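Read through the structure below, which is laid out as C-alpha cells, and then see the notes.
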Amino acid sequence: MGKVGALPDGVIRKILLSYAYVGVWIFLSFTVIVYNKYILDPKLYNWPFPISLTMIHMAFCSTLAFLCVRVFGVVEPVAISRELYLSSVVPIGALYALSLWLSNSAYIYLSVSFIQMLKALMPVAVYSIGILFKKEGFRSETMANMVSISIGVAIAAYGEAKFNWWGVCLQLGAVAFEATRLVMIQILLTSKGITLNPITSLYYVAPCCLAFLSVPWIFVEYPVLKETLRFQFDFLIFGTNSFCAFALNLAVFMLVGMTSALTMNVAGVVKDWLLIAFSWSVIKDTVTPINLVGYGLAFLGVAYYNHSKLKALKAKEAQKKAQQADEESGQLLEREAGDGMGKKNDSQA
C-alpha cells in the first residue's frame with residue numbers, strides 16, 4: 001500500500017514535465033533577449049541594424065515553419081481563404097513587424113533591465129485598446145489597477161540612471177503595437193473561430209511580416225549596410241540567434257499546450273526579475289533603488305491583474321460546467337418522463 005496522500009506517478013510526471021517546459025521557456029526567452037541585446041548594442045557586438053536582424057529572424061522562422069507544416073506535418077495547417085488572409089492576417093503581420101522593429105531598436109538605447117520594467121505596461125495597453133475597440137468593458141477597479149501599474153513604471157523611469165527619451169518612445173511604441181496586435185487577433189481571427197498556434201502563426205504571419213519590414217529596410221538600413229564594406233555575415237551568430245527565436249515559439253506552443261497562457265504570464269514575471277538581476281550583475285547595468293521600488297509597485301499591479309484574470313476564468317469554467325450539468329439533468333428528466341409514458345401506454349394496452 002502506498003502512503004496516504006501520495007500522488008500517482010502519472011500526476012507527478014505531468015507536474016515535473018510542466019516545470020520542465022516552464023524552465024525551457026524562461027531559458028529561451030532569456031537567451032533571445034540577451035542575445036539580441038548583445039548583437040545590437042554598440043558597446044558589444046556592435047551591429048545596430050534592428051530591421052535587418054528582425055528580417056533575418058522572420059526569414060529563418062518562415063522557412064522552418066513551412067517545413068514543420070508542409071513537409072514534416074508537425075502541426076496541421078489552418079484553412080484560410082485569400083480574402084481572410086488579406087483582411088485579417090496582413091494587418092496583424094503589419095502590427096507584428098512594427099512591434100518587433102521598435103522593440104529591437106530599443107536595445108540600442110536602453111538597458112535590458114529598464115526595458116523589462118517598461119514591458120510591465122503591456123496589460124495597461126491591452127486593456128486600454130480593448131476598451132477602445134469595445135472588446136473590454138470599463139471597470140473602475142481594473143482601471144485603478146492599470147493606473148497603479150503606470151505609476152510604478154513612471155517611478156522606475158524616474159529612477160533610471162541612463163534614461164533615453166528616444167529609447168523609451170521606441171519601447172512604448174512597441175508595447176502599443178503589440179497590444180493592438182493581440183486585440184486585433186481577437187477581433188479578426190478568434191471571433192471567426194480561427195485559432196493559430198505559434199507555428200501556424202509563423203507560417204502565415206512571418207512571410208507577411210518580412211514583406212512589411214523590407215520597405216523601411218530599403219530606405220533606412222540598406223544604404224548604410226551597402227557602404228559598410230567591412231561587414232561579413234556571421235552565420236554562427238545570426239544562425240544560432242535565429243534558431244533561438246524559432247525555438248522560443250516552439251516552447252510557447254508546448255508550454256501553453258501543457259499548462260495555460262496564464263502560466264506563461266506568471267513565468268514571464270519570474271523571467272523579468274531574472275533578467276533584471278542578470279543585467280545588474282553580469283552586464284553591469286545600473287539598477288537604482290528607485291528602479292526597484294517602481295518596478296515592485298508595477299509588479300504587484302500585474303500580479304493582481306493575473307490573479308483577477310484567473311478568478312474570472314475559473315468563474316467562467318464553473319458557470320459552463322453548471323450549464324452542462326443543467327442540460328444533462330434536463331435531458332435525463334425528459335428520458336425518464338418518456339420512459340414513464342411508454343410504460344403507462346403499455347399497461348393500458
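Note that Cβ sites are derived from N, Cα and C of the backbone, with glycine treated the same way.
As the structure is a computational prediction, the values presented were derived from the model and not from experiment.
Positions annotated as transmembrane segment by TrEMBL: 16-35 (among others).
Per TrEMBL, the feature domain 'Sugar phosphate transporter' maps to 20-306.
Beyond the transmembrane segment (47-72), the same-chain residues lying 6 or more positions past its ends with a Cβ under 8 Å from any Cβ of the stretch are 36, 39-41, 97, 100-101, 104-105, 107-108, 199-200, 202-203, 206-207, 209-210, 213-214, 216-217, 220-221, 224-225, 231, 238-239, 241-243, 245-246, 249. Per TrEMBL, transmembrane segment is recorded for 47-72 (among others).
Listed by sequence, the residues of this chain that lie at least six past the ends of the transmembrane segment (84-102) yet keep a Cβ under 8 A from its Cβ atoms are 50-51, 54, 57, 170-171, 173-174, 177-178, 180-181, 184-185, 188-189, 192, 194, 204-205, 208-209, 211-213, 216. The transmembrane segment annotation in TrEMBL covers 84-102 (among others).
Sequence-distant contacts of the transmembrane segment (108-130), counting only residues of its own chain at least 6 positions beyond either end whose CB sits under 8 Å from a CB of the stretch, comprise 33-34, 37, 40-42, 48, 50, 136, 142-143, 146, 149-150, 152-153, 156-157, 160, 162, 164, 166-168, 170-172, 175-176, 178-180, 182-183, 272, 275-276, 278-280, 283, 285-287, 291, 294-295, 298-299, 301-302, 305. What TrEMBL lists as transmembrane segment is 108-130 (among others).
The transmembrane segment annotation in TrEMBL covers 142-159 (among others).
Residues or ranges marked as transmembrane segment in TrEMBL: 165-189 (among others). Residues 87-89, 91-92, 95-96, 98-103, 105-106, 108-110, 115, 118-119, 121-122, 125-126, 128-130, 133, 135, 157, 195-196 of the same chain lie 6 or more positions beyond the ends of the transmembrane segment (165-189) yet place their CB under 8 Å from a CB of it.
TrEMBL lists 201-220 (among others) with the feature transmembrane segment.
Annotation comment: TrEMBL describes 289-306 (among others) as transmembrane segment.
Annotation comment: TrEMBL describes 321-349 as region 'Disordered'.
Per TrEMBL, the feature compositional bias 'Basic and acidic residues' maps to 333-349.
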